[in-house]
Amino acid sequence: MKTPIRVAVTGAAGQIGYSLLFRIASGAMFGPEQPVILHLIEIEPALPALNGVVMELQDCAFPLLKGIVATADLNAGFKDVNWALLVGSVPRKQGMERKDLLSINGKIFTGQGKAIAANAAKDVRIFVVGNPCNTNCLIAMNNAKSIPSDRWFAMTMLDQNRAVTQLAMKAGVDTTEVKNLAIWGNHSSTMYPDYFNAKIGGKPATEVIKHEIWFKDTFIPTVQQRGAAIIKARGLSSAASAANAVVDTVRNLVNPTPAGTCFSVGVCSDGSYGIEKGLIYSFPIVSDGKNWKIVQGVEINEFSREKMTATENELKEEKAMVAELL
Ligand code: NAX
(Lines of atoms letter the chains of each structure in order from A and count residues from 1; the text may use other names and numbers.)
(Lines give C-alpha, C1' and ligand atoms only; values in the text may rest on other atoms or scores of the structure.)
Protein backbone atom coordinates (compact mmCIF):
# COMPACT_ATOMS: atom_id res chain seq x y z
CA MET A 1 0.00 0.00 0.00
CA LYS A 2 1.32 3.49 -0.89
CA THR A 3 1.91 6.13 1.81
CA PRO A 4 -1.29 8.17 2.30
CA ILE A 5 -1.30 11.69 0.92
CA ARG A 6 -2.81 14.48 2.98
CA VAL A 7 -5.49 16.56 1.30
CA ALA A 8 -6.85 19.72 2.93
CA VAL A 9 -10.29 21.01 1.95
CA THR A 10 -11.48 24.37 3.26
CA GLY A 11 -15.20 25.08 3.48
CA ALA A 12 -15.57 21.35 4.06
CA ALA A 13 -19.06 21.65 5.58
CA GLY A 14 -20.37 23.59 2.57
CA GLN A 15 -22.28 22.43 -0.48
CA ILE A 16 -19.28 21.63 -2.68
CA GLY A 17 -17.53 19.96 0.24
CA TYR A 18 -20.50 17.65 0.70
CA SER A 19 -20.07 16.29 -2.83
CA LEU A 20 -16.30 16.54 -3.05
CA LEU A 21 -15.09 14.80 0.10
CA PHE A 22 -16.82 11.52 -0.66
CA ARG A 23 -15.33 11.40 -4.14
CA ILE A 24 -11.80 12.07 -2.86
CA ALA A 25 -12.22 9.38 -0.19
CA SER A 26 -13.55 6.89 -2.76
CA GLY A 27 -10.42 7.22 -4.91
CA ALA A 28 -11.96 9.23 -7.75
CA MET A 29 -9.33 11.96 -7.48
CA PHE A 30 -6.02 10.16 -6.86
CA GLY A 31 -6.88 6.67 -8.10
CA PRO A 32 -7.81 3.35 -6.50
CA GLU A 33 -4.30 2.65 -5.16
CA GLN A 34 -3.71 5.94 -3.34
CA PRO A 35 -4.80 6.18 0.31
CA VAL A 36 -5.70 9.63 1.63
CA ILE A 37 -5.95 11.49 4.93
CA LEU A 38 -8.49 14.30 4.76
CA HIS A 39 -7.90 17.61 6.56
CA LEU A 40 -11.27 19.33 6.81
CA ILE A 41 -11.06 23.04 7.57
CA GLU A 42 -14.01 25.20 8.56
CA ILE A 43 -14.79 28.34 10.48
CA GLU A 44 -15.70 27.82 14.14
CA PRO A 45 -19.54 28.17 13.76
CA ALA A 46 -19.59 25.45 11.08
CA LEU A 47 -17.75 22.86 13.20
CA PRO A 48 -20.95 21.12 14.43
CA ALA A 49 -22.13 20.68 10.83
CA LEU A 50 -18.63 19.52 9.88
CA ASN A 51 -18.86 16.89 12.60
CA GLY A 52 -21.92 15.50 10.82
CA VAL A 53 -19.93 15.27 7.58
CA VAL A 54 -17.14 13.46 9.45
CA MET A 55 -19.66 10.96 10.80
CA GLU A 56 -20.97 10.33 7.28
CA LEU A 57 -17.44 9.84 5.94
CA GLN A 58 -16.83 7.33 8.72
CA ASP A 59 -20.09 5.58 7.85
CA CYS A 60 -18.88 4.92 4.31
CA ALA A 61 -15.99 2.74 5.59
CA PHE A 62 -13.91 3.86 2.59
CA PRO A 63 -10.92 1.50 2.26
CA LEU A 64 -8.67 4.36 1.05
CA LEU A 65 -9.55 6.83 3.82
CA LYS A 66 -6.82 6.51 6.44
CA GLY A 67 -7.66 9.43 8.71
CA ILE A 68 -9.64 12.64 9.15
CA VAL A 69 -8.53 15.89 10.78
CA ALA A 70 -11.46 18.30 11.32
CA THR A 71 -10.49 21.73 12.57
CA ALA A 72 -10.89 25.50 12.53
CA ASP A 73 -7.19 25.94 13.20
CA LEU A 74 -5.28 26.73 10.00
CA ASN A 75 -1.93 25.49 11.31
CA ALA A 76 -3.34 22.07 12.21
CA GLY A 77 -5.46 22.07 9.08
CA PHE A 78 -2.58 22.60 6.65
CA LYS A 79 0.02 20.57 8.63
CA ASP A 80 2.01 18.42 6.18
CA VAL A 81 -0.67 18.55 3.46
CA ASN A 82 0.30 17.61 -0.10
CA TRP A 83 -2.75 19.25 -1.64
CA ALA A 84 -4.74 22.24 -0.37
CA LEU A 85 -8.14 22.60 -2.02
CA LEU A 86 -9.36 26.07 -1.05
CA VAL A 87 -13.11 25.88 -1.51
CA GLY A 88 -14.43 27.95 1.42
CA SER A 89 -15.16 31.61 0.96
CA VAL A 90 -17.85 34.14 1.75
CA PRO A 91 -20.61 34.31 -0.89
CA ARG A 92 -21.59 37.61 -2.47
CA LYS A 93 -24.64 39.06 -0.74
CA GLN A 94 -27.16 41.53 -2.07
CA GLY A 95 -25.81 45.05 -2.27
CA MET A 96 -22.22 43.90 -2.04
CA GLU A 97 -19.84 45.34 -4.64
CA ARG A 98 -17.19 43.19 -6.27
CA LYS A 99 -14.60 45.27 -4.44
CA ASP A 100 -16.21 44.42 -1.06
CA LEU A 101 -16.26 40.73 -1.90
CA LEU A 102 -12.64 40.84 -3.04
CA SER A 103 -11.61 42.55 0.14
CA ILE A 104 -13.55 40.21 2.51
CA ASN A 105 -12.34 37.07 0.77
CA GLY A 106 -8.91 38.54 0.19
CA LYS A 107 -8.29 38.58 3.92
CA ILE A 108 -9.19 34.87 4.14
CA PHE A 109 -6.67 34.04 1.44
CA THR A 110 -3.79 36.06 2.92
CA GLY A 111 -4.16 34.04 6.14
CA GLN A 112 -4.49 30.73 4.33
CA GLY A 113 -1.50 31.47 2.07
CA LYS A 114 0.68 32.20 5.11
CA ALA A 115 -0.54 29.11 6.98
CA ILE A 116 0.10 26.87 3.96
CA ALA A 117 3.64 28.25 3.57
CA ALA A 118 4.33 27.68 7.28
CA ASN A 119 2.84 24.19 7.61
CA ALA A 120 2.32 22.27 4.38
CA ALA A 121 4.50 19.52 2.92
CA LYS A 122 7.41 20.55 0.67
CA ASP A 123 5.56 19.32 -2.43
CA VAL A 124 2.26 21.09 -1.65
CA ARG A 125 0.04 22.10 -4.54
CA ILE A 126 -2.79 24.54 -4.01
CA PHE A 127 -6.03 24.67 -5.97
CA VAL A 128 -8.43 27.57 -5.38
CA VAL A 129 -12.16 27.11 -6.03
CA GLY A 130 -13.69 29.77 -3.73
CA ASN A 131 -14.65 32.84 -5.73
CA PRO A 132 -13.32 35.09 -7.11
CA CYS A 133 -10.97 32.13 -7.51
CA ASN A 134 -8.29 33.59 -9.82
CA THR A 135 -7.71 36.62 -7.62
CA ASN A 136 -8.05 34.66 -4.37
CA CYS A 137 -5.32 32.38 -5.74
CA LEU A 138 -3.19 35.41 -6.63
CA ILE A 139 -3.53 36.72 -3.07
CA ALA A 140 -2.68 33.38 -1.41
CA MET A 141 0.30 32.87 -3.76
CA ASN A 142 1.68 36.31 -2.99
CA ASN A 143 1.41 35.59 0.73
CA ALA A 144 3.34 32.33 0.42
CA LYS A 145 6.41 33.35 -1.56
CA SER A 146 8.42 30.29 -0.42
CA ILE A 147 6.13 28.08 -2.53
CA PRO A 148 7.01 28.11 -6.24
CA SER A 149 4.46 29.85 -8.45
CA ASP A 150 3.90 26.73 -10.59
CA ARG A 151 2.13 25.03 -7.67
CA TRP A 152 -0.88 27.38 -7.66
CA PHE A 153 -4.08 26.75 -9.58
CA ALA A 154 -7.58 28.26 -9.92
CA MET A 155 -10.60 26.38 -11.23
CA THR A 156 -12.03 26.87 -14.74
CA MET A 157 -12.76 23.19 -15.41
CA LEU A 158 -16.45 23.62 -14.65
CA ASP A 159 -16.59 26.18 -17.46
CA GLN A 160 -14.74 23.76 -19.74
CA ASN A 161 -17.10 20.89 -18.92
CA ARG A 162 -20.12 23.13 -19.47
CA ALA A 163 -18.75 24.22 -22.85
CA VAL A 164 -17.91 20.66 -23.93
CA THR A 165 -21.45 19.50 -23.24
CA GLN A 166 -23.00 22.43 -25.11
CA LEU A 167 -20.89 21.59 -28.20
CA ALA A 168 -21.64 17.87 -27.92
CA MET A 169 -25.39 18.49 -27.64
CA LYS A 170 -25.40 20.87 -30.59
CA ALA A 171 -23.39 18.45 -32.77
CA GLY A 172 -25.42 15.45 -31.55
CA VAL A 173 -22.32 13.53 -30.42
CA ASP A 174 -21.00 12.05 -27.20
CA THR A 175 -19.07 14.43 -24.92
CA THR A 176 -15.98 12.24 -25.39
CA GLU A 177 -15.86 13.37 -29.05
CA VAL A 178 -15.17 16.97 -28.00
CA LYS A 179 -11.51 17.80 -27.33
CA ASN A 180 -9.28 20.82 -26.79
CA LEU A 181 -12.00 23.19 -25.61
CA ALA A 182 -9.86 25.67 -23.70
CA ILE A 183 -11.12 28.33 -21.34
CA TRP A 184 -9.02 31.50 -21.37
CA GLY A 185 -8.87 34.00 -18.53
CA ASN A 186 -10.92 34.64 -15.44
CA HIS A 187 -13.53 32.32 -13.90
CA SER A 188 -16.26 34.92 -14.32
CA SER A 189 -18.67 35.98 -17.00
CA THR A 190 -15.75 37.36 -19.04
CA MET A 191 -14.04 33.96 -19.48
CA TYR A 192 -13.63 32.91 -23.08
CA PRO A 193 -14.49 29.37 -24.23
CA ASP A 194 -12.29 29.06 -27.34
CA TYR A 195 -14.46 27.19 -29.82
CA PHE A 196 -12.17 28.04 -32.75
CA ASN A 197 -9.55 25.58 -31.53
CA ALA A 198 -11.97 22.93 -30.22
CA LYS A 199 -12.29 19.64 -32.09
CA ILE A 200 -15.39 17.50 -32.52
CA GLY A 201 -14.66 13.95 -33.68
CA GLY A 202 -11.17 15.14 -34.71
CA LYS A 203 -12.46 18.00 -36.92
CA PRO A 204 -12.57 21.73 -36.08
CA ALA A 205 -15.79 22.46 -34.15
CA THR A 206 -16.58 25.27 -36.61
CA GLU A 207 -16.55 22.75 -39.50
CA VAL A 208 -18.91 20.38 -37.70
CA ILE A 209 -21.28 23.09 -36.43
CA LYS A 210 -21.46 25.41 -39.45
CA HIS A 211 -23.33 28.12 -37.65
CA GLU A 212 -21.09 31.05 -36.71
CA ILE A 213 -23.95 33.05 -35.17
CA TRP A 214 -24.84 30.15 -32.82
CA PHE A 215 -21.31 30.16 -31.35
CA LYS A 216 -21.37 33.90 -30.71
CA ASP A 217 -25.00 34.44 -29.72
CA THR A 218 -25.88 31.20 -27.96
CA PHE A 219 -22.82 29.11 -27.09
CA ILE A 220 -20.64 31.75 -25.40
CA PRO A 221 -23.49 33.39 -23.40
CA THR A 222 -24.84 29.97 -22.33
CA VAL A 223 -21.46 28.93 -20.95
CA GLN A 224 -20.79 32.32 -19.39
CA GLN A 225 -24.23 32.50 -17.74
CA ARG A 226 -24.59 28.83 -16.78
CA GLY A 227 -23.82 29.46 -13.10
CA ALA A 228 -26.61 32.06 -12.90
CA ALA A 229 -29.03 29.72 -14.73
CA ILE A 230 -28.39 27.01 -12.16
CA ILE A 231 -28.94 29.39 -9.26
CA LYS A 232 -32.24 30.44 -10.87
CA ALA A 233 -33.39 26.83 -11.33
CA ARG A 234 -32.14 25.29 -8.11
CA GLY A 235 -32.16 28.25 -5.76
CA LEU A 236 -28.58 27.27 -4.91
CA SER A 237 -25.30 27.55 -6.79
CA SER A 238 -23.71 24.63 -8.64
CA ALA A 239 -22.27 22.16 -6.19
CA ALA A 240 -22.11 18.58 -7.49
CA SER A 241 -20.87 19.75 -10.91
CA ALA A 242 -18.35 22.04 -9.21
CA ALA A 243 -17.08 19.17 -7.04
CA ASN A 244 -16.84 17.03 -10.17
CA ALA A 245 -14.74 19.72 -11.83
CA VAL A 246 -12.41 19.81 -8.81
CA VAL A 247 -11.90 16.04 -9.17
CA ASP A 248 -11.35 16.39 -12.94
CA THR A 249 -8.77 19.16 -12.52
CA VAL A 250 -6.62 17.42 -9.93
CA ARG A 251 -6.84 14.16 -11.87
CA ASN A 252 -5.72 16.00 -15.01
CA LEU A 253 -2.77 17.53 -13.15
CA VAL A 254 -1.54 14.28 -11.55
CA ASN A 255 -1.85 12.12 -14.68
CA PRO A 256 -0.21 12.51 -18.09
CA THR A 257 -2.47 14.37 -20.55
CA PRO A 258 -3.43 12.15 -23.53
CA ALA A 259 -1.42 13.13 -26.63
CA GLY A 260 -2.96 15.88 -28.72
CA THR A 261 -5.36 17.08 -26.00
CA CYS A 262 -5.28 19.72 -23.27
CA PHE A 263 -7.35 20.93 -20.31
CA SER A 264 -8.07 24.29 -18.70
CA VAL A 265 -6.89 25.60 -15.37
CA GLY A 266 -5.90 29.00 -14.04
CA VAL A 267 -2.11 29.20 -13.53
CA CYS A 268 0.43 31.95 -12.89
CA SER A 269 1.01 33.57 -16.29
CA ASP A 270 4.60 33.46 -17.58
CA GLY A 271 3.71 36.01 -20.27
CA SER A 272 2.55 33.39 -22.81
CA TYR A 273 0.18 34.79 -25.43
CA GLY A 274 1.09 38.28 -24.19
CA ILE A 275 -0.90 37.85 -20.96
CA GLU A 276 0.51 39.93 -18.10
CA LYS A 277 3.09 37.95 -16.15
CA GLY A 278 2.02 36.98 -12.63
CA LEU A 279 -1.76 37.08 -13.18
CA ILE A 280 -3.64 33.85 -12.44
CA TYR A 281 -5.09 33.28 -15.91
CA SER A 282 -6.69 30.15 -17.38
CA PHE A 283 -4.77 28.66 -20.33
CA PRO A 284 -4.81 25.38 -22.24
CA ILE A 285 -2.49 23.14 -20.21
CA VAL A 286 -0.82 19.74 -20.58
CA SER A 287 0.70 17.70 -17.76
CA ASP A 288 3.19 14.84 -17.63
CA GLY A 289 1.70 13.81 -14.27
CA LYS A 290 4.22 15.87 -12.27
CA ASN A 291 4.90 19.08 -14.19
CA TRP A 292 2.55 21.04 -16.40
CA LYS A 293 3.06 23.53 -19.17
CA ILE A 294 1.01 26.01 -21.14
CA VAL A 295 0.27 24.73 -24.65
CA GLN A 296 2.11 27.00 -27.10
CA GLY A 297 1.25 27.87 -30.67
CA VAL A 298 -2.54 27.93 -30.33
CA GLU A 299 -3.95 30.00 -33.17
CA ILE A 300 -5.42 33.26 -31.90
CA ASN A 301 -7.63 35.18 -34.33
CA GLU A 302 -8.85 38.72 -33.88
CA PHE A 303 -12.08 37.68 -32.14
CA SER A 304 -10.21 35.44 -29.68
CA ARG A 305 -7.65 38.14 -28.95
CA GLU A 306 -10.38 40.65 -28.15
CA LYS A 307 -12.03 38.20 -25.71
CA MET A 308 -8.70 37.19 -24.14
CA THR A 309 -7.80 40.83 -23.56
CA ALA A 310 -11.21 41.65 -22.05
CA THR A 311 -10.89 38.88 -19.45
CA GLU A 312 -7.23 39.82 -18.83
CA ASN A 313 -8.31 43.42 -18.20
CA GLU A 314 -10.85 42.24 -15.63
CA LEU A 315 -8.10 40.32 -13.82
CA LYS A 316 -5.86 43.40 -13.88
CA GLU A 317 -8.70 45.43 -12.33
CA GLU A 318 -9.24 42.80 -9.63
CA LYS A 319 -5.50 42.78 -8.92
CA ALA A 320 -5.51 46.56 -8.55
CA MET A 321 -8.42 46.33 -6.09
CA VAL A 322 -6.49 43.98 -3.79
CA ALA A 323 -3.05 45.58 -4.27
CA GLU A 324 -2.60 46.12 -0.52
CA LEU A 325 -3.02 42.37 0.12
CA LEU A 326 -0.26 41.27 -2.28
P1 NAX B 1 -21.19 27.15 0.72
O2 NAX B 1 -21.58 28.51 1.20
O3 NAX B 1 -22.16 26.04 0.71
O4 NAX B 1 -19.94 26.66 1.59
C5 NAX B 1 -18.84 27.45 1.87
C6 NAX B 1 -18.25 26.97 3.16
O7 NAX B 1 -17.06 27.70 3.39
C8 NAX B 1 -19.17 27.20 4.38
O9 NAX B 1 -19.36 25.97 5.06
C10 NAX B 1 -18.40 28.22 5.21
O11 NAX B 1 -18.56 27.99 6.60
C12 NAX B 1 -16.97 27.93 4.76
N13 NAX B 1 -16.04 29.03 4.98
C14 NAX B 1 -16.27 30.37 4.90
N15 NAX B 1 -15.17 31.05 5.24
C16 NAX B 1 -14.21 30.13 5.52
C17 NAX B 1 -12.87 30.22 5.96
N18 NAX B 1 -12.30 31.39 6.18
N19 NAX B 1 -12.19 29.07 6.17
C20 NAX B 1 -12.77 27.87 5.98
N21 NAX B 1 -14.06 27.73 5.60
C22 NAX B 1 -14.76 28.85 5.36
O23 NAX B 1 -20.53 27.38 -0.71
P24 NAX B 1 -20.24 26.32 -1.87
O25 NAX B 1 -21.43 26.19 -2.71
O26 NAX B 1 -19.63 25.10 -1.27
O27 NAX B 1 -19.15 27.14 -2.74
C28 NAX B 1 -17.87 27.41 -2.24
C29 NAX B 1 -17.16 28.41 -3.14
O30 NAX B 1 -16.98 27.87 -4.44
C31 NAX B 1 -17.90 29.73 -3.34
O32 NAX B 1 -16.97 30.79 -3.23
C33 NAX B 1 -18.38 29.63 -4.76
O34 NAX B 1 -18.55 30.91 -5.34
C35 NAX B 1 -17.25 28.86 -5.39
N36 NAX B 1 -17.53 28.25 -6.68
C37 NAX B 1 -16.52 28.24 -7.58
C38 NAX B 1 -16.66 27.64 -8.82
C39 NAX B 1 -15.54 27.64 -9.81
O40 NAX B 1 -15.76 27.14 -10.92
N41 NAX B 1 -14.36 28.16 -9.52
C42 NAX B 1 -17.94 27.01 -9.23
C43 NAX B 1 -18.82 26.65 -8.08
C44 NAX B 1 -18.83 27.65 -6.95
O45 NAX B 1 -19.70 28.69 -7.30
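Here the Cβ of each residue, glycine as well, is placed from N, Cα and C on the backbone.
Within its own chain, H187 (active site, proton acceptor) has N131, P132, C133, N134, A154, M155, T156, L158, D159, G266, S282 as residues 6 or more apart in sequence whose C-beta sits under 8 angstroms from its own. Residues or ranges marked as active site, proton acceptor by TrEMBL: H187.
Per TrEMBL, the feature NAD(+) binding site maps to G11, A12, A13, G14, Q15, I16, G17, N105, Q112, V129, G130, N131.
Annotation source TrEMBL lists substrate binding site at R92, R98, N131, R162.
What TrEMBL records for 6-148 is domain 'Lactate/malate dehydrogenase N-terminal'.
In this model, the domain 'Lactate/malate dehydrogenase C-terminal' (156-324) carries an average pLDDT of 96. Residues annotated as domain 'Lactate/malate dehydrogenase C-terminal' in TrEMBL: 156-324.
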R162 (substrate binding site) - helix vs strand vs coil (DSSP): helix
Listed binding-site residues adjacent to ligand 1, that is, members of Q15, G130, N131, R162 whose C-beta is under 6 A away: Q15, G130, N131
Cα separation, G130 (NAD(+) binding site) to R162 (substrate binding site) (Å, whole number): 18
Pairwise CA distance, A13 (NAD(+) binding site) versus R92 (substrate binding site), rounded so that it is a whole Å: 18
Rounded Cα separation (Å) that holds between Q15 (NAD(+) binding site) and R92 (substrate binding site): 15
Least surrounded among the binding-site residues, given as R92, R162, when other CB atoms within 10 Å are counted: R92
